[in-house]
């Protein structure tokens, strides 16, 4: 049974749209936990477009589930993580011109640098996950870098036409099995919604799904706690969808 990590970046996006103090993502994280979130995820970007350093510091003090800090693999970010001590760091690619993370980290081309940074974080007691596309070469590179976790990028699955989604789901299923055979633990996220999450949640060996935008969008109508409850029910009790066959 997969657990649910709630990404609260989009709450901070609303705040930063007016450069004001509300809505504050820190108390919103508590509401997400009250709704059943198994963890809270935030992405501290280099350009600080949504989550701020202050948010991360306060969340470390207040989150009672797990705090997952997404960040670029830069020296400045490593130093912040070592100071804050989140429960997990997820290393992600980052480009200033992107609206949101557009794809997985190219671990294969950065093995030496990533291995060093992963070692420093894990030696400090912070498990590291790498956000990657569901590809054998990237998973092998993650293993070689001695990461403990991978987070599979589900964006291609989420954005695929319904006729193509079964093959994308198969890629995620195969990548999950391969990663586990390599000794890696597996999370997934990006673009998942109330409409497409169940087949991914049902993948054998999938440990956690990190979901943000769709929950915050639903919260506008029903409130954050209820939005989280609804997603948690789908993640924990995924139904069999005839479109995807038996999974």
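Note: Cβ is positioned from N, Cα and C throughout, glycine not excepted.
Summarising the annotation, Swiss-Prot assigns 3-amino-2-oxopropyl phosphate binding site to 7, 18, 191, 212, 213. When secondary structure is read from DSSP and collapsed to three states, residue 212 (3-amino-2-oxopropyl phosphate binding site) falls in the coil class.
Summarising the annotation, Swiss-Prot assigns 1-deoxy-D-xylulose 5-phosphate binding site to 9, 10, 45, 50, 100 and lists sequence analysis as the type of evidence. Around residue 9 (1-deoxy-D-xylulose 5-phosphate binding site), the C-beta neighbours below 8 angstroms that are at least 6 residues distant in the chain are 25, 41, 42, 43, 50, 51, 212.
The annotation active site, proton acceptor is assigned in Swiss-Prot to 43 (among others) on the grounds of sequence analysis.
DSSP assigns residue 70 (active site, proton acceptor) to a strand. Sequence-distant contacts of residue 70 (active site, proton acceptor), defined by Cβ-Cβ distance under 8 angstroms and a gap of at least six in the same chain, are 41, 42, 43, 44, 89, 90, 91, 92, 131. Marked as active site, proton acceptor by Swiss-Prot: 70 (among others).
Note on residue 151 (site 'Transition state stabilizer'): other Cβ atoms within 10 Å of its Cβ, all shown chains, come to 29. Residues or ranges marked as site 'Transition state stabilizer' by Swiss-Prot on the basis of sequence analysis: 151.
The active site, proton donor feature in Swiss-Prot is assigned to 190. Within 10 Å of the C-beta of residue 190 (active site, proton donor) there are 26 other C-beta atoms, taking all protein chains into account.
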Subject >> residue 7 (3-amino-2-oxopropyl phosphate binding site) versus recorded positions 45, 151, 190 - nearest by Cα >> reply: 190
**OP:** Measure the Cβ-based neighbour count of residue 7 (3-amino-2-oxopropyl phosphate binding site), defined as the other Cβ atoms within 10 Å of its Cβ.
**Re:** 25
Original post:
Where among the binding-site residues 10, 45, 50 do you find the Cβ with the fewest other Cβ atoms within 10 Å?
Top reply: 10
Original post:
Which is it, of 191, 212: the one of these binding-site residues whose Cβ has the most other Cβ atoms within 10 Å?
Top reply: 212
Original post:
Between residue 213 (3-amino-2-oxopropyl phosphate binding site) and residue 190 (active site, proton donor), what C-alpha distance do you get in Å?
Top reply: 9
Subject >> C-beta crowding around residue 213 (3-amino-2-oxopropyl phosphate binding site), within 10 angstroms >> reply: 16
